[in-house]
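*Asks:* My structure is below; once you've seen it, I'll send some questions.
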Amino acid sequence: MRLLHPLIPASLLLTLTSATLHTSQTNTTITLTNNRLTANFSKSQGRITDLYLDNQDLLGPQSGDTGVGPYLDCYCIPSGFYTPGSTSPTLQLFTGTDKSGTSYAGVLMDETYPPTGQHFQQYWFLRDGETGLHTFSRLAYYNETTPYLRNLQEFRTLFRPNTELWTHLSSSEVQTAPLPSKKAVEEEVVVQDATWTFNNTPTDEYYVQFADYFTKYTFSNAWRDNSVHGMYADGSTSNGSTFGAWLVMNTKDTYYGGPLHSDLTVDGIVYNYLVSNHHGEGTPNITYGFDRTFGPQYYHFNGGKGSTASLQELKSDAETLADPSWNVDFYDSIAKHVVGYTPSSQRGSVQGKIKLPKGATRPIAVLTVDGQYFQDNSVNSSSYQYWAEIDDSGHFSVDHVKEGPYRLTVYADGIFGDFVRDGVQVKAGKKTTIQETWEAESAGTEIWRLGTPDKSSGEFRHGVARDPTHPLHPPEYLIYWGAYDWQSDFPDGINYTIGTSDPATDLNTVHWSVFGPTPNDPRVEYDTTHDWTINFPLSEDDLAERSKATLTIQLAGAKAASGNTDVYNASEPYTNLALESYINDQAEPLTLLIGFNQSSSCIVRSAVSCYQVRSRMEFPADWLKVGNNVLTLHLPYNATDTETAILPATVTGRLILPPQPIYGQTPVILSVIGSEKLEPLPAASILIFEIIRHQSEPLWSVPRSA
């Protein structure tokens, strides 16, 4: 491991006696320490309560659930949130030497939640010579009296400091910003659940440099693109020494949702979100026999006494560890301690070559549970997942794959649809070889397309375009949907013409049924939002001898009344939501029905790629005509659902949250259910229009498993 830090002083070495790892325990605590990192565990709380790097306190004083961690937390008991270890934990200390001769020590927190029998385990391991903690998290359920308990809605570990040491947070190059100051937080104005503005502190560095609004979703990221995230201390509160605290996703095979899954990363807390449905992917059910060990991941702490390394230097140091091959021998050595971890003796590899369609960019190969759409792999709670970028020659390779059957999915920017092959068998100690040709789907001669098939709606207005009003220029979609004004952007609604309109400005990144209110505007708009008009010309040659036409619509995310829960509610009129497409003056629409179990949350949770929904719809070619044609995309007029949420409102001072949830109406195409509350959200993103000479291919859709 590359260290960027100077040696610690001799006086400190004398205090610790040597560079060898040490452990100690009393009736109330366990301590793990090497020559640089020290972790103290509370036996009564089942978690870390003190953490030091080069004698620098990384956590600060404990106050409730702050000043602690990494620790395990979940939304998984019948009533919702629970912190494993808070009832009656037992802690066990491990010590040993791995295959390389390096000493290690570990702590296991073990607890059974009495009302349900859910069994929780959290593991932390410290190796000599490293400045971080390897973590595994386990949940097991073997209660026959209640075979189905609930869904595992959130399962996460948190590094949750309570100190002014940390000055910046970072999840990507465009998601790096100063942390809001204590004064800004004290005077913040709530504009939506988990969303604030700092307009009462206009000189705050976050407000000046990054955005007017702060939400935990601003720093969320897709797992394909995210391997390291965390916080940085610039030395201003630590005598000039810089520090970093990073979650390193060195393995991703025990998460769910594939590379499109996106989640919270850092917001003053450094998260490891093992399971959640924040952006609409499914979550596993906790049923009799559920037994899942997540990990390993690695909380890495760097910089230290005398360090002047920059944020990017410390983050780059952490990124060198974000590799599944890193520390494999160590993980094999501790497998005897970690229930449910799959050692390398039970893993193989996959190598493949895919002949890609013309125009494919950023291709990726994904291995997930056999027989299921890759975003739905949580339907098999024991499933594993892997992916690899495909190079320019079509080659990819994946190592350390758990033995078993897999589905191979290949997708790429610029190509509609996916390549899918089931039955890929991986055997322990063996290499599986794949060679395939991906033929791009087609229903005939493509007449026009609007948008880029990249599983995102970011190319449209207020998507990935960079904010011009702040020096750090974050992508606009990351900031907060209420920062923008539909009525200023589209006073007459959407009226788009193929060939002349600009998708970056003339089409919105989200199709609202109803928009508003926002913090700056109490108005609610629904007359210009629900219908979008797409104009397109056709010539005689386009229509000559054509009998059938096909409209393909691909949505980067869609919101129905079910939000993120996948729960059908018969009392809600829009539990299933219809996006209707009207061709010219035809009275009957083509209907894309978004099921209650396909609903997700994107734009109010600062994302433009969520659970994918698509359909190919045939219609008679005589619905079309020579000259201008009109496609109307129709959402229900002023469609809302009843939600429990903090809703946007015009605010002039600080809003204090009441003890009970606020009830209100929010847009059906702009609302979402989170782990405990609902919030607002988007719907339409990408279109392609095709005409064929004879019979078109069958209708195609991606049903989502419950």
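Residue numbers in this text run from 1 along the chain shown.
In case you wondered, yes, glycine gets a Cβ from its N, Cα and C as well.
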*Asks:* Swiss-Prot annotates one residue of N199, N638 as N-linked glycosylation site; which residue is it?
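*Replies:* Swiss-Prot records N-linked glycosylation site at N638.
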*Asks:* Any idea what DSSP makes of N380 (N-linked glycosylation site), helix, strand or coil?
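*Replies:* N380 (N-linked glycosylation site) sits in coil per DSSP, no helix or strand.
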*Asks:* To the nearest Å, how far is the Cα of N40 (N-linked glycosylation site) from the Cα of N143 (N-linked glycosylation site)?
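*Replies:* Given the Cα positions, N40 (N-linked glycosylation site) is 33 Å from N143 (N-linked glycosylation site).
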*Asks:* Tell me, by DSSP, whether N569 (N-linked glycosylation site) is helix, strand or coil?
*Replies:* coil
*Asks:* How long is the line from the C-alpha of N380 (N-linked glycosylation site) to the C-alpha of N239 (N-linked glycosylation site), rounded to the nearest angstrom?
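*Replies:* Distance between the two Cα atoms comes out at 50 Å.
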*Asks:* Please report how many Å separate the Cα atom of N285 (N-linked glycosylation site) from that of N27 (N-linked glycosylation site), as a whole number.
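*Replies:* Per the Cα atoms, N285 (N-linked glycosylation site) and N27 (N-linked glycosylation site) stand 37 Å apart.
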*Asks:* When the number of other CB atoms within 10 A of each residue's CB is tallied over all shown chains, which of the glycosylation sites N239, N597, N638 has the maximum?
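*Replies:* Max Cβ neighbours within 10 Å, all protein chains included: N597.
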